[in-house]
Amino acid sequence: MPTNYEYDEASETWPSFILTGLLMVVGPMTLLQIYQIFFGANAEDGNSGKSKEFNEEVFKNLNEEYTSDEIKQFRRKFDKNSNKKSKIWSRRNIIIIVGWILVAILLQRINSNDAIKDAATKLFDPYEILGISTSASDRDIKSAYRKLSVKFHPDKLAKGLTPDEKSVMEETYVQITKAYESLTDELVRQNYLKYGHPDGPQSTSHGIALPRFLVDGSASPLLVVCYVALLGLILPYFVSRWWARTQSYTKKGIHNVTASNFVSNLVNYKPSEIVTTDLILHWLSFAHEFKQFFPDLQPTDFEKLLQDHINRRDSGKLNNAKFRIVAKCHSLLHGLLDIACGFRNLDIALGAINTFKCIVQAVPLTPNCQILQLPNVDKEHFITKTGDIHTLGKLFTLEDAKIGEVLGIKDQAKLNETLRVASHIPNLKIIKADFLVPGENQVTPSSTPYISLKVLVRSAKQPLIPTSLIPEENLTEPQDFESQRDPFAMMSKQPLVPYSFAPFFPTKRRGSWCCLVSSQKDGKILQTPIIIEKLSYKNLNDDKDFFDKRIKMDLTKHEKFDINDWEIGTIKIPLGQPAPETVGDFFFRVIVKSTDYFTTDLDITMNMKVRDSPAVEQVEVYSEEDDEYSTDDDETESDDESDASDYTDIDTDTEAEDDESPE
């Protein structure tokens, strides 16, 4: 081992090393960014054609109109997707741009480095030296060698060459000779194949891929400081930060202290206690995340801010704090929902979902919440004039003018916008509900079934479509191999749920549906909640405006009504446990609730009929050996029968004689 190391004075190594490390970072980031630019929007929206465009535009424009300037300012600050400028000058884009600039500089430096070119020319390639291909025959090799020897042999060089030119020609001839021997002489060829050179092992040098001034010069202490900072400070800092975050937060993204508070509340929860929105908000006010955001505020302050938001009250100087904690409630309530399902507590789970609806729409949980979530509604006027109207379905039994009177909306333009929002809030109608087992016609003991729901997403303005009008083929599950292998794949092909109308929520909200399954026997939740984020809202488009429940019509004769134009959505819920081991009927409660709207949710009872598998008929397989044995058996049986026939005849005759004797 040499005691002295050579430094990379000619910059032969370190540019390539840095270039490789840089490309390992910049390359994948660039590909990911290109994918998001060209395919990210389509993957996020998920819809196509009118089934997407109308719903997105309706709520986009109305959200923009009814969102306050304070919330818009908050969104520009915290919502990265709300600012186009932030998309262009995002941190990732800046890193990519700077990275490719550095790549270009390094490539230019490498290409203009003569030392790298000289190192490349030192590589011995006999085929290149002789000017032949790697598939050349021995005859071609000898022919090329003769031609080059005539040109570069020292005895045949021109007399007018300078000493330098003559030296180059002689060196070239030596290389030609070595190349020829590397391909024809067996010993020299072995050296070339083993060491890469016909002369055998070449001298090697050990160096440091850094310039001398960084190690031996005045910059040496700086390099040591950089190494110490990288290995002793920066790397441990990021690793410890990652580890602390991993240990401090649950899989649902909530702090362990918050999760511990939720668990403690559920442990101490009394079944006789009524679950209300106020109770859930009280639990939320102790979230550790809120304390991290605003250390100077207390849980009572957080609870007051949440109450201000739900009742649409101004919080003065604490408005920004209110927006911040309200925006965080999304992950907190999903974490509470998951913990409640772990405790199998259906009341708390439903309370968490209803509370989130209240927070999204900024409406308290009352019998009138379906109406109060609409824009432009005069709350005091409506409560005094409401009568028995509490739902959107009941509201759309009135004429538009009467609806304006009930809601206290006098301006026709505002009334039209209110009706537009009301008619595009999704309602679910169950068409078909089954327990299915892939590849089976029925649920068998200990099998793995799942719940398949066929639903019609409709508007409260539209009349109910009789199930008898829906063709059976529109409800039938596909039976191909891929569907049997992964029955949930078809759900991923449905479009994403559009953005919700939520002008009071601090961030843009894309709606979803939460599915809960509980036992009808004891009311306990059986598994974790299933969140549905893909479901077609095509039936809410403008082309269905003619379909108004206030207009009497015969659907079978209406010229614009075509059942095939109506989208049937599919919701599949995997069960977290196998079917019971015994045969019988088992009843389950299935709940599908919107997380963003007060609307018509699904709450149905399903019967799981567990039956034994039908008996399989055994098919006898023909065998020549069995046939031989059966022939012998037949002969034996015939012999036995012939022997037994004598006794039979005697018995018969005797009986005949006995019968005749009395006569």
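Every residue, even glycine, has its Cβ placed from backbone N, Cα and C.
It should be emphasised that the depicted structure is a prediction, and the values quoted were computed from it without experimental measurement.
In Swiss-Prot, the feature phosphoserine is assigned, of SER264, SER512, SER536, to SER512; the remaining candidates carry no such note in the record.
Both ASN61 and PRO449 are recorded in Swiss-Prot on the same side of the membrane.
Tertiary proximity for the repeat '1' (461-471) is limited to same-chain residues at least six positions away from its ends with a CB under 8 Å from its CB atoms, namely 396, 422-423, 429, 431-432, 539, 544, 547-549, 553, 555-556, 563-564, 566, 568. Long-range Cβ contacts of the transmembrane segment (93-108) within its own chain (Cβ-Cβ under 8 Å, at least 6 residues beyond either end) map to 15, 18-19, 22-23, 25-26, 29-30, 33, 87.
Neighbours of SER512 (phosphoserine), defined as other CB atoms within 10 A of its CB across all chains, total 18. For the domain 'SEC63' (228-532), the predicted model reports an average pLDDT of 91.
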